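The structure under discussion appears below in the form of structure tokens.
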Amino acid sequence: MEVSGPEDDPFLSQLHQVQCPVCQQMMPAAHINSHLDRCLLLHPAGHAEPAAGSHRAGERAKGPSPPGAKRRRLSESSALKQPATPTAAESSEGEGEEGDDGGETESRESYDAPPTPSGARLIPDFPVARSSSPARKGMGKRPAAAAAAGSASPRSWDEAEAQEEEEAGVDGDGDADVDGEDDPGHWDADAADASFGVSAGRAHPRALAAEEIRQMLEGKPLADKMRPDTLQDYIGQSRAVGQETLLRSLLEANEIPSLILWGPPGCGKTTLAHIIANNSKKHSIRFVTLSATNAKTNDVRDVIKQAQNEKSFFKRKTILFIDEIHRFNKSQQDTFLPHVECGTITLIGATTENPSFQVNAALLSRCRVIVLEKLPVEAMVTILMRAINSLGIHVLDSSRPTDPLSHSSNCSSEPSVFIEDKAVDTLAYLSDGDARTGLNGLQLAVLARLSSRKVFCKKSGQTYSPSRVLITENDVKEGLQRSHILYDRAGEEHYNCISALHKAMRGSDQNASLYWLARMLEGGEDPLYVARRLVRFASEDIGLADPSALAQAVAAYQGCHFIGMPECEVLLAQCVVYFARAPKSIEVYSAYNNVKACLRSHQGPLPPVPLHLRNAPTRLMKDLGYGKGYKYNPMYSEPVDQDYLPEELRGVDFFKQRRC
């Protein structure tokens, strides 16, 4: 369970106020770290505007003081202005590296001093690390050295660094641009096109060594590292959270209703909740995450109790995100009802199952269902290219025959890991709209290729120097093993596929029938379930047009029961093709439905069985007239004129009319 820390509470954070030693502004102690990280980048050494006549003006005229003097000045000013409050360095202990400035209200326009990277060396107690690695920009993460040096937020870091580079005229590699053109830090595209056959339609990432890429890919899954933090970076769901949608307006206004996010795996449900969480913390809203796979009812009650206390004492809202909410049973879901109704919590649930079947109707009526669709191939390519660029991998045009591995240049500005553009397109297609599968498949393919090259060099006795590593389409396919088939035996897709199979056979489309059968079996469906449905189809849709169809279906069921998968799949395929080609008749099916409709619509008690049709096993029954007047048909050579329906239903033909 993840709960936002107490430093996000505006009531508690106002108890201790400290003054920034650079810009002299007062602020809560919990926000001094993130403020100093930006303030030091925006103000050069000693360039904060002091009051008129201050002795600091003379010091600034003489030039910046050494780092030691600046450190002493911070301690002295903090001690003089806030004797009962710990210094900013001490107050930063125990804080996370989230970089959230909470209720901070100062803006960058209030500073008139030009930015300079020398501000990072002013006060060692609050260091500001710099890194030119493109991975931090693309992935929103800092390298290990930068993470150990400070706790500035990735977004503040990138904006300050971009402003510095723009004003200083320095490119992404730290070299001045002498030609006056903007250099995004990529290696020479023209030279790459000429030497390596690089695709002109792809962005050129900054060159990174293979070992750097390996270190970046180790640890957390790539899908988690690439998770966006803002709606602007959220790709592929414009229909649900596009610019003109109601939900987008509510999220940007921080008016978040109770939501049920419904969509296939990897479409962005958890990511959207992550974006809402980041935005909520900026507005001092408590955000709690639970997973229905391991949470219990007591965990939910504890969260609700805390939410009630937060609302009563601090007027603070609580958003509760339940991942895989369909895993909760009906009684567990009922726990949310009164608290969602009265506004104690705002519930956000994520599910891959149809909420109409898996979520209580009462709870569903109190939430807005947001349908997230499977990501299109174009969106998948965009997501994969963002990850590839952030890793410093270069995309090659596979239509050009030049092999980058054949070049022996060891120039450090050239990329060391390449991937074919065809491999990117194949990965986007095989992921089947699942961004998690695509990104993790890319991670696995790159790591496997780097590892295999290292093992080859070790076995051959060569020095391991992976200056040229190429990821091909086959590497991507091997990483995924097979196409990502979306199928859930207990979910909506189960019923969707069997319905499609039934309708394809009814329409005599043998190709489509085989496709839907294979999709179910390859997705892990029980073959006996399919065989039972075929037995039903034999009588419902074929009926008397081909009476042998029923025998075919029963034989297929018995065969599946005897031999099982995968051998029985051809038995089912034979039966499905036979049914698709067979003539169709619903005469029996329709007539029986007419009989059921007649019985259900009959007014009053049902008519009795005529006496001549009743059995008379005893003398008393015979004396009462049971069986009297019945004509035994085999005793007559001609058809017998005899009524077999109750008197009220005489003349009714269920094969020709729908109702009696």
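Cβ atoms are placed via backbone N, Cα and C, with glycine included.
What Swiss-Prot records for CYS20, CYS23, HIS31, HIS35, CYS39 is Zn(2+) binding site. The secondary structure of CYS39 (Zn(2+) binding site), as reduced to three states from DSSP, is helical. Around the Cβ of CYS39 (Zn(2+) binding site), a 10 Å sphere holds 25 further Cβ atoms from the protein chains shown.
THR271 (ATP binding site) counts 24 other C-beta atoms within 10 Å of its own C-beta, drawing on all protein chains shown. Residues or ranges marked as ATP binding site by Swiss-Prot on the basis of similarity to another entry: PRO265, GLY266, CYS267, GLY268, LYS269, THR270, THR271.
Summarising the annotation, Swiss-Prot assigns compositional bias 'Polar residues' to 76-89.
What Swiss-Prot records for LYS81 (among others) is ubiquitin cross-link.
For LYS141 (among others), the entry in Swiss-Prot reads ubiquitin cross-link.
Around the Cβ of LYS220 (ubiquitin cross-link), a 10 Å sphere holds 11 further Cβ atoms from the protein chains shown. The ubiquitin cross-link annotation in Swiss-Prot covers LYS220 (among others).
There are 12 other CB atoms within 10 A of the CB of LYS296 (ubiquitin cross-link), with all protein chains counted. For LYS296 (among others), the entry in Swiss-Prot reads ubiquitin cross-link, with the evidence type similarity to another entry.
Feature annotation from Swiss-Prot assigns ubiquitin cross-link to LYS305 (among others). Remark: LYS305 (ubiquitin cross-link) has no non-local neighbours by Cβ distance under 8 Å and separation of at least 6 in sequence.
The ubiquitin cross-link annotation in Swiss-Prot covers LYS311 (among others) and is backed by similarity to another entry. Listed in sequence order, LYS317, THR318, THR344 are the same-chain residues six or more apart from LYS311 (ubiquitin cross-link) with CB atoms under 8 A from its CB.
In this structure, LYS317 (ubiquitin cross-link) belongs to neither helix nor strand by DSSP; it is coil. A sphere of 10 angstroms centred on the C-beta of LYS317 (ubiquitin cross-link) encloses 20 other C-beta atoms. Under the heading ubiquitin cross-link, Swiss-Prot lists LYS317 (among others).
The ubiquitin cross-link feature in Swiss-Prot is assigned to LYS330 (among others); the stated evidence is similarity to another entry. In sequence order, ASN360 constitute the residues six or more apart from LYS330 (ubiquitin cross-link) in its chain with CB-CB distances below 8 Å.
Counting every protein chain shown, 17 other Cβ atoms lie within 10 Å of the Cβ of LYS477 (SUMO2 cross-link). Feature annotation from Swiss-Prot assigns SUMO2 cross-link to LYS477.
According to DSSP, LYS477 (SUMO2 cross-link) sits within a helical segment. Here Swiss-Prot flags LYS477 (among others) as ubiquitin cross-link.
Within its own chain, LYS628 (ubiquitin cross-link) has LEU611, HIS612, LYS622 as residues 6 or more apart in sequence whose C-beta sits under 8 angstroms from its own. What Swiss-Prot records for LYS628 (among others) is ubiquitin cross-link.
Taken from Swiss-Prot, the feature ubiquitin cross-link covers LYS631 (among others). A coil conformation is recorded for LYS631 (ubiquitin cross-link) in the three-state DSSP classification, outside any helix or strand. Under a cutoff of 8 A between CB atoms, and with a sequence separation of 6+ in the same chain, the neighbours of LYS631 (ubiquitin cross-link) are VAL640, GLN642.
Annotation source Swiss-Prot lists phosphoserine at SER65 (among others), citing similarity to another entry.
Within the set of recorded positions HIS31, HIS35, LYS296, TYR529, the entry lying nearest in space to GLY266 (ATP binding site) is LYS296 (CA atoms).
In the three-state DSSP reading, LYS305 (ubiquitin cross-link) counts as helix. Comparing THR271 (ATP binding site) with LYS220 (ubiquitin cross-link), their Cα atoms are 16 Å apart once rounded. For the pair CYS23 (Zn(2+) binding site) and GLY268 (ATP binding site), the C-alpha distance works out to 41 angstrom. Closest to GLY268 (ATP binding site) by Cα-Cα distance, out of the recorded positions CYS20, HIS35, LYS220, LYS296, LYS477, is LYS220. Counting only the Cα atoms, the space from LYS269 (ATP binding site) to TYR529 (phosphotyrosine) is about 31 angstrom. Here the CA atom of CYS20 (Zn(2+) binding site) lies 55 Å from the CA atom of LYS477 (SUMO2 cross-link).
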